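What TrEMBL says about this protein:
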DOMAIN    27-133  domain 'Cadherin'
DOMAIN    134-242  domain 'Cadherin'
DOMAIN    243-350  domain 'Cadherin'
DOMAIN    351-455  domain 'Cadherin'
DOMAIN    456-565  domain 'Cadherin'
DOMAIN    580-683  domain 'Cadherin'
TRANSMEM  692-715  transmembrane segment
Amino acid sequence: MEAQFLVQPWRRYVSVFILFCSTMNTLSAVTHYSIPEEMEEGSVVANLAADLGLDVKTLSKRKMRLDVIANNKYLDVNKETGELYIVERIDRENICASKTTCFLKMDATLENPIRIFNIELEIMDINDNAPHFRRDSIHLDISESAPVGERFSLNNAVDPDVSTNSIKTYYLSESDNFDIEIQSGRDGSKFTNLILKKTLDREEQAVHNLILTAVDGGVPTRSGTASIIVRVLDTNDNAPKFDKDAYKIYIMENTPTGSLVIQLNATDIDEGSNSEVVYSYSLYTSEKTQDTFSLNPNNGEITVKEMINYEDFKIYDMEVIATDKGTNSLSGHCKLTILVTDMNDNHPEISIKSFQSPIKEDILVDTVIAVVSVSDKDSGENGIVNIHIAHHLPFKLRESSDNFYELVVSEPLDREKVQEYDITFTVTDRGSPPLSDNETMTLELLDVNDNVPQFPQSFYTIPVIENNAPGALLSSLTAFDPDLHENQYLVYFIIEKEIVNTSMSMLFSINPENGNLYALKTFDYEIEKEFLFHIEARDSGIPPLSSNVTVHIIIVDQNDNAPVIVSPWRAHGSVVEEKIPRSTEKGSIVSKVIALDTDSVQNSRITYQFLQVTDATLFSLDQYNGEIRTMRMFSYRDQRYQRMVVIAKDNGDPALSATVTIKLSTVETDVKAFSDLTEVPLEYDIFSDLNLYLVIGLGSVSFLLLITILVTCVLKCQTTKPSKAAPPSRNSVISERNSTIADSTLVSNDAYWYSLFLAETRKGKLVVRQPVPKAGSRYIVSSIPRSTGLTETSDSAASTLQVRQNSFSDLTNLRTMA
């Protein structure tokens with residue numbers, strides 16, 4: 001910006017100069033221009049064509065050009081206007097670094113015809129550079145003894161500008177001790193000297209920080225600074241000085257050799273060797289004092305050199321001198337008075353007369369296990385001794401005679417809690433300060449068998465899945481005994497207990513060393529569901545101690561039994577033949593499939609479904625109770641014979657199943673009289689010698705029940721007077737034996753289960769059907785009560801069989817009979 005402001009004045013100067021040159025044409029053929037440095041690119045210097053008398057229109061044709069100066073083309077000519085303009089910024093300091101005047105000389109060349117014009121361009125300086133020092137900081141070392149007025153040379157500043165734009169003067173920051181003197185060189189450069197105007201004191205201020213500023217004469221002015229760091233060098237002008245001039249020290253007699261009495265401190269505010277202090281005794285210190293106390297010359301420590309006895313010497317006087325290591329050394333001194341204090345210097349003593357160790361942990365309370373004595377060579381209060389042990393120990397001290405004490409057991413001991421005791425006897429006198437001594441003895445306890453083995457639990461419940469492999473590990477029953485050695489070694493036993501003439505040791509085995517429990521046989525949930533017995537852990541002590549734990553073995557059921565279909569009964573194979581009237585209404589019960597599963601819980605839950613059915617639209621099967629009902633009435637298009645295959649499946653994983661085939665034949669409603677109904681012999685000889693008495697008992701009970709039912713039926717028939725050939729009701733289901741089911745209920749605890757039907761016939765015969773052997777089971781078989789009509793039945797039109805199972809203990813016999 002400064003260059004732009006200077007363009008117009010320089011242009012006027014250039015015009016005057018060109019006018020002068022035209023008048024002096026006979027003297028010079030050089031065209032001269034003057035411009036300031038740092039002009040903006042594109043700035044016009046002059047109209048060169050007009051100054052040279054050239055036709056502007058011919059400049060392009062004549063290919064006017066300017067020389068390149070030092071690979072830089074600072075100027076160029078506009079061939080349209082003939083103006084000479086700036087192409088590149090011109091830095092005078094870069095072109096003419098060390099010159100006060102700066103010129104650029106170049107030639108302007110034209111062709112057709114060839115003419116060469118000499119052009120001289122003077123570059124005028126502007127104040128575009130600030131003064132700067134070659135080093136930012138100047139370090140000076142000046143002794144504090146330097147005289148006032150002494151001069152110290154400083155580095156001068158440099159400014160690349162010239163004339164008035166160069167360095168004009170220097171300034172120094174405010175200082176009480178220093179000033180500057182400015183001098184000029186032959187070339188007009190300015191330099192300075194630092195002058196000491198006041199004596200320095202290093203102890204008052206060791207370093208002086210000054211700022212030297214160089215200022216040029218440009219408009220506006222520019223400046224540069226440098227820091228002056230003056231380090232004041234020390235002289236030995238201060239003597240060492242102690243913290244105090246006099247000391248009074250109290251020291252106890254018998255203070256150990258080498259003990260520190262006092263550490264003297266003398267300081268010298270000088271530095272270096274002038275501040276290093278050496279300590280020594282003065283001639284006023286007696287030899288006895290110097291022999292009793294040692295003085296360290298380097299750090300001023302006074303320590304005890306030999307044993308101090310109050311009775312020998314009570315007061316020591318000494319004088320200590322501190323001298324520095326300067327060239328002309330200076331010194332200071334102090335006085336010390338050491339007063340010896342009498343003390344209780346004899347320690348009490350303890351002596352163990354007897355000590356019994358080890359002892360058994362069951363030792364009786366108040367038993368003496370040690371005798372000790374105490375003594376002190378001092379007299380008076382210093383010779384009275386007290387003895388004690390720790391309060392938390394199960395022992396106490398009991399005085400037996402003068403200065404003799406007994407150590408007795410005060411509480412029962414338990415080795416399992418504490419195996420050994422460190423008993424410290426501490427004796428203390430009554431001196432001031434009191435002195436004490438101690439003696440530590442270790443008391444070891446011997447183990448006795450006083451702890452029974454302990455199981456982590458008092459009751460173990462162990463689930464075992466049935467069909468396990470013999471020899472399988474069931475659990476590890478480990479007890480713990482806190483005693484030691486043989487009192488800790490445990491042996492495990494199964495406490496014998498017989499179940500149905502079977503010993504527990506035949507079913508289970510336990511490792512006597514580690515308590516691992518094993519199964520010796522394969523268990524069957526349907527036969528054995530749980531076992532309850534005890535296991536004993538016994539140590540090897542004398543006498544031995546033992547404890548036992550209850551073990552509850554629970555046999556977990558597996559789905560290893562398939563369902564068994566018990567109704568309808570199948571005489572031969574798995575096919576059951578039934579008859580049904582064609583007039584049977586919708587929803588009537590045709591048959592009911594009942595299956596039993598000796599497994600438990602999910603494994604015994606049975607569902608029913610059709611595997612095959614002749615007409616799926618005619619019958620429905622309840623998947624939970626197995627009832628087969630008609631979904632509609634029979635039509636003339638339906639086949640006379642219907643075949644159904646029902647599967648009973650349990651809920652185990654994997655599921656097991658059984659099937660039954662029911663062949664159902666439809667008959668016309670007009671059924672012939674029941675004259676042909678006779679007593680049907682049993683199809684199976686199920687009366688073994690073993691169950692003969694049970695069958696006789698069951699028959700007697702059944703006979704009495706039937707007589708009661710017959711009497712009731714006769715009474716009802718006399719009151720109603722039915723017709724001779726009353727047609728059966730629409731809900732009746734005629735069985736395979738052409739009989740109508742009446743009221744009957746049978747409860748049996750025998751080894752065999754019967755489904756008993758009471759039939760009303762002309763001959764009054766009873767029919768016994770479907771023997772199914774089952775040991776240890778209780779069944780209730782009940783029929784739905786009959787209506788008042790002779791041949792009418794209940795709304796269900798079929799008997800309902802209910803089975804209540806208390807236990808299933810003989811599934812093998814049931815499968816054999818099936």
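Using the three backbone atoms N, Cα and C, a Cβ is placed for every residue, glycine included.
Nobody curates TrEMBL annotations by hand; they come from automatic prediction.
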Number of helical, extended and coil residues in the domain 'Cadherin' (243-350), per DSSP: 10 helix, 48 strand, 50 coil
Helix, strand and coil totals (DSSP H, G, I; E, B; other) for the domain 'Cadherin' (134-242): 3 helix, 55 strand, 51 coil
Integer average pLDDT (0 to 100) for the domain 'Cadherin' (27-133): 84
Counts of helix, strand and coil residues, the domain 'Cadherin' (456-565), according to DSSP: 7 helix, 52 strand, 51 coil
